[in-house]
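Chemist: I am attaching a structure below and will ask some questions about it afterwards.
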């Protein structure tokens, strides 16, 4: 089975690298096309994939076509792609805000899936949302899951909730990076060296995430476990609450969802 990536931005590159690193895919199975060929040539040299000089070359070689272009560029791609896609090819879009129905109608093609990896795919820890057209078979679902499991975990979600997913999985890494950096900067203000502070902050957030995933207890119960009566941690938690920590997160999530709906 062959795979063609149309658009070779950071996300496509991370997915390709993850596929190859997993050992389940060979570089010669992967074709890449980018409108700027220099980027294609660099990736071909780096990962030994097959670089293509035309859209037709990439599409004609593939069983699965991954659309890695920006949402705004997808509109320009439809006419050319519609003429090239064959009946049995699977179309997978990672473009934010573009529904399965929109892409399927534009391409006049029923086998369309929508996925949303996040930036953590670069380190093999993406949380990827996945939805597909009703016409997908169990085997076709498995093909797509195998690709994206190579860069982390894949979660099936109703497409109607993709805008929510885009906020809590797609955008939240940026929120988390900001939180980690803020923790570290607070430590620097108190006299700690930045590199050490970042290591401690990031490792603590990683451990906390593992606790939430592996514990049977609700996050608020875990908060209570850390907060001793009259202790230091409850003072910090109270300060966060007084400064609208939770409502600020709610507003950030709502802002992402609103923008995602505009893109649709």
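Any Cβ shown, glycine's included, is placed from N, Cα and C.
Per TrEMBL, the features are:
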DOMAIN    3-97  domain 'Pyrroline-5-carboxylate reductase catalytic N-terminal'
BINDING   6, 7, 8, 9, 10, 11  NADP(+) binding site
DOMAIN    159-261  domain 'Pyrroline-5-carboxylate reductase dimerisation'
Chemist: Including all protein chains displayed, how many Cβ atoms other than that of residue 8 (NADP(+) binding site) lie within 10 Å of its Cβ?
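Modeler: Other Cβ atoms found within 10 Å: 23.
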Chemist: Which of 7, 9 (the binding-site residues) has the most other Cβ atoms within 10 Å?
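Modeler: In terms of Cβ crowding, the pick is 7.
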Chemist: Tally every other Cβ atom lying within 10 Å of the Cβ atom of residue 11 (NADP(+) binding site).
Modeler: 21
Chemist: As a quick check of your reading of DSSP, tell me how many residues in the domain 'Pyrroline-5-carboxylate reductase dimerisation' (159-261) are helical, how many are strand and how many are coil.
Modeler: 88 helix, 0 strand, 15 coil
Chemist: Pull the DSSP breakdown for the domain 'Pyrroline-5-carboxylate reductase catalytic N-terminal' (3-97) and write it out as helix, strand, coil residue counts.
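Modeler: The counts are 48 helix, 18 strand, 29 coil.
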Chemist: Across all the protein chains here, work out how many other Cβ atoms are within 10 Å of the Cβ of residue 10 (NADP(+) binding site).
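Modeler: For residue 10 (NADP(+) binding site), the count of other Cβ atoms within 10 Å is 11.
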Chemist: Taking the Cβ of residue 6 (NADP(+) binding site) as the reference point, list residues of the same chain whose Cβ is under 8 angstroms away and which are at least six residues distant in sequence.
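Modeler: In sequence order, the residues whose Cβ lies under 8 Å from that of residue 6 (NADP(+) binding site) (at least 6 apart) are 33, 55, 58, 59, 65, 66, 67, 68, 69, 77, 81.
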Chemist: Which whole number is the mean pLDDT over the domain 'Pyrroline-5-carboxylate reductase catalytic N-terminal' (3-97)?
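Modeler: Taking every residue in the domain 'Pyrroline-5-carboxylate reductase catalytic N-terminal' (3-97) and averaging pLDDT yields 94.
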Chemist: Starting from the Cβ centroid of 6, 7, 8, 9, 10, 11, which together make up the recorded NADP(+) site, report each further residue of the same chain whose Cβ lies within 8 Å of that point, ordered by sequence.
Modeler: 5, 12, 13, 34, 68, 69
